[in-house]
Amino acid sequence: MKQFIVFVRKEFRHIFRDKRTMLILLVMPIIMIILFGFAITTEVKDSHVVILDHSKDEVTTRIQEHIRNNRYFTIVADVHSEKEIQQMFLENNADLAVIFSYNFSDEMRHSGKASIQLLADGSEPNQAAVRTGYMQQILAGYLQDYIQQERSHAQMAQASTSSFTPSFQIIPVTKMLYNPQSRSEYNFVPGVIGLILLLICAMMTSIAIVKEKEMGTMEILLASPLPPIVIVVAKLVPYFVISCMNLATILLLSVFLLNIPIAGSVMGFIAISLLYILVSLLLGLFISNCVSSQLAAMLLSLLLIVPTVYLSGLAFPIESMPEALQHASAIIPARWYVEVARKLMIQGVEMKYVMHETAVLALMAVVLLGVSWKLFKVRL
């Protein structure tokens, strides 16, 4: 029994000796429970709605009031043409558009039915389905109020207490932009591409450099006549080439096996993907400067899975998260790459509509390079 206790103490000392690994093991459950508790939600809050009201009558005005009083939607613009709606979607300023037909109120009173067209961003089919479902509930709620109002008017006009049930219908016609068939692959494939590239690049780079440190060969390399920056770049180049091969394989499988199109600029998408690969490799370089063992490097790289999945918009809408997590998601490279991938692959937008995301990724590359190089020189 005494020998057993000795071995247990020895193992505890071994675990506590590597403080960085211990910190990762203790922090990982905290991060996961916070993200699982707050980030995972099927609700879609604060969705941006655009209104195109061809009728501009009392009924359409009241329907818009019902939309404004709902916590799920925010009306961001009243437009005058469908071309303006398309522009709002391209600029990522709209999630849903509501189009009222001409003479909406007259159709309701004379024929008992009127149609409303709902345009949703189909590049995120799950969220689009939830948004249109919420909107249909709002329309159904207004219809009940409208029927009660018409029933009261009819009973007063007839001066009778006899039952009267008028028949009215609001027919929502839903159209999914960019994804008419509402295929879920359109949502997940761009996100999975970002997840795969980030994890592979970061893990490969961090483990490779830490391995050199553990084996003691890094000092031998640094003792060579080559400048340290050349040695580090030489270590990164093979992994950059391998990552490019992975990117080509992923894109070919996405296009020809999963039938996911690249509707926008192919060369533009490849160029931004190469920038994202560079960011991921530099993230791996940063990790290698923060840990001293391959195990810690692997754990820290795997730890990236949690925020990448839950804070990148891959599985859950960012706008539905608490404000603190929305701000935290800004430091996740995959968030910006997933937005670029969806815009270029699914929506087919022009390059000018992804300049903001590209600039953020470029800034991340510069910051990671500067911080990693400074830490690397400190540890020499």
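If you go along the chain as it appears here, the first residue is 1 and each next one adds 1.
Using the three backbone atoms N, Cα and C, a Cβ is placed for every residue, glycine included.
Bear in mind that TrEMBL entries carry predicted annotations, made automatically and left uncurated.
Feature annotation from TrEMBL assigns domain 'ABC transmembrane type-2' to 154-379.
Per TrEMBL, transmembrane segment is recorded for 21-40 (among others).
Among the features that TrEMBL reports, transmembrane segment is placed at 188-210 (among others).
Using a Cβ-Cβ cut-off under 8 Å and counting only residues 6 or more beyond its ends in the same chain, the transmembrane segment (236-260) has close neighbours at 185-186, 189, 193, 196-197, 200-201, 204-205, 208, 270, 273-274, 277-278, 280-281, 284-285, 345-346. For 236-260 (among others), the entry in TrEMBL reads transmembrane segment.
The annotation transmembrane segment is assigned in TrEMBL to 266-288 (among others).
According to TrEMBL, the transmembrane segment annotation covers 295-316 (among others).
According to TrEMBL, the feature transmembrane segment maps to 358-376 (among others).
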Folded-back contacts onto the transmembrane segment (266-288), same chain, C-beta under 8 angstroms, at least six residues removed:
193-194, 197-198, 200-210, 213, 232, 236, 239-240, 243-244, 247, 251, 297, 300-301, 304, 333, 337, 340-341, 344-345, 351, 354, 357-358, 361-362, 364-365, 368-369, 371-372, 375-376
